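Listed in Swiss-Prot:
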type	residues	note
MOD_RES	Ser2	N-acetylserine
REGION	2-16	region 'Required for interaction with STK16'
MOD_RES	Lys22	(3S)-3-hydroxylysine
DOMAIN	65-290	domain 'OBG-type G'
BINDING	71-78, 96-100, 117-120, 248-251, 271-273	GTP binding site
BINDING	Ser78, Thr98	Mg(2+) binding site
MOD_RES	Thr100	phosphothreonine
DOMAIN	290-366	domain 'TGS'
Amino acid sequence: MSGTLAKIAEIEAEMARTQKNKATAHHLGLLKARLAKLRRELITPKGGGGGGPGEGFDVAKTGDARIGFVGFPSVGKSTLLSNLAGVYSEVAAYEFTTLTTVPGVIRYKGAKIQLLDLPGIIEGAKDGKGRGRQVIAVARTCNLILIVLDVLKPLGHKKIIENELEGFGIRLNSKPPNIGFKKKDKGGINLTATCPQSELDAETVKSILAEYKIHNADVTLRSDATADDLIDVVEGNRVYIPCIYVLNKIDQISIEELDIIYKVPHCVPISAHHRWNFDDLLEKIWDYLKLVRIYTKPKGQLPDYTSPVVLPYSRTTVEDFCMKIHKNLIKEFKYALVWGLSVKHNPQKVGKDHTLEDEDVIQIVKK
């Protein structure tokens, strides 16, 4: 591993020395591709020894969503977690064998949300220092990441944590690059750009792909893409996770400073100690998770509004709903009756491909 780390340090130093302009874009693109390949070696080392990157530090996924809390020691992360779990927890004592710092599962708006403390994100975690690599491997499985920062020194910590997560293939609050990429057997590199490109040209694209030993491929750039965007698509192992920056200890700043923080995107100011602004934080968590609640209505009975079936926003068809209840239900499915925003008439008869919306009511009719 030390050889890989030395190569990474070498490339990073060369990138820092290189001025960024049109003339150096090609060279920088090449360096970035080499860096990404070396980082991948760290994430998934060659050879079988020592288990996977998350070995000994994983926990069964329970509930409808998983939130990872990341932050430096002494920023108030533990206080926030225990107070959140204490106030909103459905189960106060939640048992995990390998991860003792998990306070539990909270229930909010009918959904069960698992809270995970991810300790040890320190500078150099992505380079294999401490337990940082195992922690970030678990972070990759989260539906939402909360970066907890001390309001008195937020920017330095924010940058370090973001760099660690980025280096492990986690992209915060961003969408996958709009790039079409398809390898083929022959025909060379065929590059199509549907809009003007400020950074990538044919030569840079070819050299980045050559670094991956790819000499035949169709590449379509549908937005103004960077070398990093292309590398992310070629690597194919990136995860795109929403993130909220929780600025703690607001009892130590002025009202004027608080007003400024409120205008920063993706930020929620709180005081974990005094439990200030927890409602705002939970509402933002709910918005970012984009969960969809579906209520069930047994035939001849009133809908059950106490325990919704909770679906991720990307999988909300009637078939997805059936699979969440029981995989055999779809085999017996005839049609469904739906009440709510997803239909024009209440109730409306729909098939398994119908897309449901939050707080719809559904009744399944079997064959």
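Cβ coordinates come from backbone N, Cα and C, glycine included.
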Mean pLDDT for the domain 'OBG-type G' (65-290), as a whole number?
86
Cα distance (Å, whole number) from Ser2 (N-acetylserine) to the residue listed as '(3S)-3-hydroxylysine':
34
Report the member of Lys22, Lys77, Lys249 (the recorded positions) whose C-beta atom has the most other C-beta atoms within 10 angstroms.
Lys77
Using DSSP, break the domain 'TGS' (290-366) down into helix, strand and coil residues and give each count.
12 helix, 34 strand, 31 coil
I'd like to know which of these binding-site residues, Gly71, Pro119, is least surrounded, judged by other CB atoms within 10 A.
Pro119
Calculate the distance in Å between the alpha carbons (Cα) of Ser74 (GTP binding site) and Ser2 (N-acetylserine), and round it to a whole number.
30
In the structure shown, with every protein chain counted, which of the recorded positions Ser2, Ser78 has the densest set of Cβ atoms within 10 angstroms of its Cβ?
Ser78
Residue counts in helix (H, G, I), strand (E, B) and coil for the region 'Required for interaction with STK16' (2-16), per DSSP?
15 helix, 0 strand, 0 coil
Compare the Cα of the residue listed as 'N-acetylserine' against each of the binding-site residues Gly71, Lys77, Pro119, Lys249 and report the nearest.
Pro119
What residue among the binding-site residues Ser74, Ser271 has the most other CB atoms lying within 10 A of its CB?
Ser271
